[in-house]
Amino acid sequence: MSAGGDFGNPLRKFKLVFLGEQSVGKTSLITRFMYDSFDNTYQATIGIDFLSKTMYLEDRTVRLQLWDTAGQERFRSLIPSYIRDSTVAVVVYDITNVNSFQQTTKWIDDVRTERGSDVIIMLVGNKTDLADKRQVSIEEGERKAKELNVMFIETSAKAGYNVKQLFRRVAAALPGMESTQDRSREDMIDIKLEKPQEQPVNEGGCSC
C-alpha cells in the first residue's frame, strides 16, 4: 500500500545483493539494519538468504529486498543469477583482512559482467570497531572506489557505525530519486525504519 508521498504509485521494490568473502560481515550489516542488533556468535550463511524492509523516504516509500550471499567458494556458482536482476550490489570487505579487500575487485568485476553499468555498486569496509587490527586504510578504500567508479563507506556492524548512512546513500542513488548524482542531498533524506511486523522470508535455511 502506498504512502501519501507516492502519489498513488505502487510500492517500488529494489533488489540489493550483498557480496564479499566469507566472514566480512555481510549478514551482520543486514541484521543491524533490519533489527538494530548484533550477534557475536559467527555462523556462516548457507547458500542465499532473503529479507525485505520498507523504507519511508522524504517523498516516497520503497521496499528493499536484501539478498545475503554466502562467501564460501562452494556457493559461488549460485551468485551470478542473484546479481543478474539486482539494482544495487553491496560489496563488503573486512578492514582487518587485506585479502578480503583485494578480492573486492573480482566481486565488482562479477557484478559488471552480469549487469554492465546498469547497477549501483557500494564498496563497504566493515569492522571499524577493530581499528587496532586494521590492514586496509580508509585512503586505500577510497582510492579503489574512485578507480572502479563505485561508492564507498566504512562501517561497523558491531557498533552500528555508519550502517544507517550506508542505506541512506544507497537510497539516494536508487532509480527514480531526484538528483541521484547530487551527493550533497544524501544527508537530507529522512529514513524511518518500520518495526518488523511479520516473520521475514528466508531462503537457504539460515537466518544468521
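Each residue, glycine too, has its Cβ placed from N, Cα and C.
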Matching range for Swiss-Prot feature annotation, motif 'Switch 1', among 32-50, 89-107, 146-164:
32-50
Where does Swiss-Prot put phosphoserine, among SER23, SER117, SER184?
SER184
Name the secondary structure element type, per DSSP in three states, that contains ALA157 (GTP binding site).
coil
If you count the other Cβ atoms within 10 Å of each Cβ, which of the binding-site residues SER23, THR27 comes out on top?
THR27
Within its own chain, what residues at least 6 apart in sequence put their Cβ under 8 Å from the Cβ of ALA157 (GTP binding site), listed in sequence order?
GLY25, SER28, LEU29, THR31, ARG32, PHE38, ASN126, LYS127, VAL163
Taking the Cα of ASP68 (Mg(2+) binding site) as the centre, which of the binding-site residues listed as SER23, LYS26, ASP39 lie within 10 Å of it?
LYS26
What count of other C-beta atoms do you get within 10 angstroms of the C-beta of ASP68 (Mg(2+) binding site), across all chains shown?
28
